[in-house]
């Protein structure tokens, strides 16, 4: 698809061979066409009609950017481990294929009309737009599903759905050509602008459906995919504004300005190039970046940060690692006043009474049962002084 403009030019060159009269007559060659390019390809190099050269350069740059982005996605596909992100690669690649088709079709409006070229324009215009807007629609459905249920349909299913939706426009375009060209015997280049616009009604319906799906995707429960939905919504809004602009200029603006026949082709060519770049900048590139971005690493809790909530510190303390049965055993055995401790207290108190005049200190059994919290214990309890020491059994932590 990257060589679509070149193949199109080669095909049209074979269909329209250059005569010797055109080659020998220098007056028929416009300024800027010094390499033997004559009619019907003069808009590709005519510096007097600068819009043709500008559209050609912008379209060629779009084709190159789309091909490079598709190659990056294909090369980095094996590094995408998350299924939710991997499901969006298929619609992105299909969208890039449609974008390349839009840029390639713009070259067909830089060449003078004939029967075969008009058939190509009328057949591919709505089909390529339908392919691109179908990809936007399935991306909206995918983001809506991820926001509500945190899971996405498969990439093959989304790609097949986009192809099925775009095939409807292909059927519409084929029926329009069969009815007007074969049945009624009209020339392929003789059609009203209103008929051309009405043939694209299904494409506009796909764009409105994609805009609705993008708006609904912003109402999801999770915020992880909200950035994708915002980019999709921006793309749909800009595309809708572009369609309102070119349809209004194509139907009424050119006729109002008195430029109806000669400005129709520039209007459609600029609309193709602008739509391709809108889809590439505001959806394909951001969506590819979000798919290729590595997942965030989980942060370990900082036990030495005293600014955290004391409740959270208690929840993340080492007491949770000790089974409940062991904890109850320690509370009942290690810190209860048993008979041995009571005897130590009585002996310590009697010794204190007999040696009160000498200032004797309490005996060791009494001092060993007094709990003195350490700094680490106070940090783990959020600054509160615990009434009992932490219960650890069976293993040492330090």
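Glycine is no exception: its Cβ is also placed from the backbone N, Cα and C atoms.
Because the structure is a prediction, the values reported are computed rather than measured.
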Check your understanding: In TrEMBL, which of 230-252, 299-321 is tagged transmembrane segment?
Key -> 230-252
Point to revise | Segment assigned the feature transmembrane segment in TrEMBL (from 23-44, 155-176) | key: 155-176
Check your understanding: In TrEMBL, which of 257-284, 341-368 is labelled region 'Disordered'?
Key -> 341-368
Revision key, fill the gap. Other same-chain positions with a Cβ less than 8 Å from the transmembrane segment (123-143) and lying at least 6 residues past its termini are 87-88, 91-92, 94-95, 97-99, 101-102, 105, 152-153, 158-159, 161-163, 165-166, 168-170, 172-174, 177, 196, 199-200, 202-203, 206-207, 209-210, 212-214, 216-217, 220, 225, 228-229, 232, 235-236, 239, 268, 275, 279, 283, 287
Point to revise | Distal contacts, the transmembrane segment (267-285) - CB-CB under 8 A, six or more residues away | key: 51, 55, 58-59, 62, 65-66, 69, 92, 95-96, 98-99, 102-103, 105-106, 109-110, 121, 125, 129, 132, 136, 139, 231-232, 234-235, 238-239, 242-243, 246, 249-250, 254
